[in-house]
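Report on the structure given below.
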Amino acid sequence: MPGLMGRLARTVMAGRRGRFVRWYGGGGDDDGGGGSAEDAQARELIDRQLKLAPAGGHQVLIVQPYIKWGANKDRSTRPEVKADESRSLVRTLAEWSVTDTLLVGLTSYRKHTFFGPGNVDAIALRVARDRRITAVFVSVNVLKPIQHQHLEHRFGVPVYDRYLMVVQIFRRHAVTREAKLQVALAELPYIWSRIRGAQDGYAERLGTEAGQIALSGKLMYDDKKDLLKAYEKKLKKLVEKLRSHRQHLRHNRTNKDLPVVAVVGYTNAGKTSLVRALTGDVGLVPKDCLFATLDVTVHGGVLPSNMTVLYVDTIGFISDIPTRLIEPFVATLEDAMFADVIVHIRDMSHPNVIVQKSHVEETLKNLSINPELLNSVIDVGNKVDRLDNVERDGSSVFISCTTGEGLDELKKKIESQIMKATGRRTIKIRVRTGQDEYEWLRTHTAIVNINTDGDYSVMEVIVTQSDLDVFKSLFIRKKINN
Ligand SMILES: Nc1nc2c(ncn2[C@@H]2O[C@H](COP(=O)(O)OP(=O)(O)OP(=O)(O)O)[C@@H](O)[C@H]2O)c(=O)[nH]1
Ligand SMILES: [Mg+2]
């Protein structure tokens, strides 16, 4: 079995490294350095806008804004918990560090200056006094161009919002060309919004240095618009090819008729750990950081009844990120959409587990997944080894990938869900040992049990309806005809 699975996983992975993405020189050393001079120019332009950090990283002052009251107040979590996630985002980048975290209550995020004047002054003073600080991370979804320009002007250091932070991480963690391509595509809407923001001339009205920056942005927009458009077109074409290639792979997999289980969840919940625990695939390396996995990979495993399944490890979800950033990754999540069963894994030890759960569920709903599949998602509470007490509800399976607790129960649940979803069933059949029927069943079904008694064996097997039909037409009718 591992041989077959290894081959399958390799086939899938080999396909990902198709030559059609070779020209995209997204920064890796095996990219072949392809692309035209215009592409290189476009990339340079993008890198500048994305404020890619210097080699030594940044020492960051985190400012965690929150809405103090009113309809927009987020009642599902606390600012301290959000600040924790913001710290995790920064720490995910090895050379970056956090100098301090400030919680700042606001009445809205819509002001042109983002914070009120008192807060801007206080933060600016803090940055000026603390020489360690080389950047400020305002942990909000995405700052408007005018807000961004204003804050950078006032603080005198680069300012990052959540979008920019996640892009830094994506850039760092994208290893394969496919992941790099998805990241490159995810960056473009942001670049457009920045240079359009400049073109709209908001900041010109500020009449400050920020206005000058915006003006240079306006020139860039006029000059470089075509360059970016051409680059975007190429990327989209490549993604399109990738998509059809994927469909081809998926089709191949369907032909092999192996059930597919997609493992989804919030970033760092333990998706990779779970796939590793269920398959014994030591090639999978779980990491204590956000967005460790940026590639969808497929791994073979065996369920209690000997049925072979394919587990799909996927990219994690995160809240407060513009959906357009994850849009290109939706293509990779299509694998999840075409699964027979979805496993949603959650980190029970995380203080925000409830909010994370609903965020994943909402995102899944928007992925146009077939409602039957969506209604039968297996909910898994992970990392119970970290808890003294687990409030067990009947509908979830509680596990620890570290200790192995609950994995047998989970496997059984996955198995019964697959049987339901794919119309597989267990049958017992008596055939002549070693004869054609016997060999056919051994190759085409999952063998649960074989009881051999002389010339005959009673085989207990799991079989799909279509295979059962083939079996009948090959052997049973033949017998009747004879
Ligand atoms: N204590 C404990 N730690 C766990 C458990 N499962 C996973 N972890 C740890 O949690 C961290 C994240 O695990 P991953 O498997 O990489 O999580 P992921 O969901 O694949 O994360 P991304 O790919 O970044 O979205 C790693 O440090 C794991 O060792 C568990 O059951 N108990
Ligand atoms: Mg992972």
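Yeah, the Cβs are placed from backbone N, Cα and C, and that goes for glycine too.
What TrEMBL says about a protein is an automatic prediction, not a curated fact.
Annotated coiled coil per TrEMBL: 221-248, in sequence order. On the 0 to 100 pLDDT scale, the coiled coil (221-248) averages 79 in the predicted structure.
Positions annotated as domain 'Hflx-type G' by TrEMBL: 259-422.
In the structure as shown, the Cβ atom of Ala292 (GTP binding site) sits within 10 Å of 18 other Cβ atoms. Feature annotation from TrEMBL assigns GTP binding site to 265-272, 291-295, 313-316, 382-385, 400-402.
Per TrEMBL, Mg(2+) binding site is recorded for Thr272, Thr293. Under DSSP, Thr272 (Mg(2+) binding site) is assigned to a helix (H, G or I) in the three-state scheme. Counting every protein chain shown, 24 other Cβ atoms lie within 10 Å of the Cβ of Thr272 (Mg(2+) binding site).
When other Cβ atoms within 10 Å of the Cβ of Ser400 (GTP binding site) are tallied across all protein chains shown, the result is 21. Just so you know, of the binding-site residues Lys271, Lys383, the Cβ with the fewest other Cβ atoms around it within 10 Å is the one at Lys383. Here the C-alpha separation of Asp295 (GTP binding site) and Thr272 (Mg(2+) binding site) works out to 11 Å. Each residue contributes its Cα atom, and for Asn268 (GTP binding site) and Thr293 (Mg(2+) binding site) these two points are 9 Å apart. Rounded to a whole number, the C-alpha distance linking Gly265 (GTP binding site) with Thr272 (Mg(2+) binding site) is 10 angstrom. Asn268 (GTP binding site) is surrounded by 25 other CB atoms, counting those within 10 A of its CB over all protein chains shown. The Cβ of Thr293 (Mg(2+) binding site) has His173, Lys271, Thr272, Asp313, Thr314, Ile315, Gly316 as same-chain neighbours under 8 Å, each 6 or more residues away in sequence.
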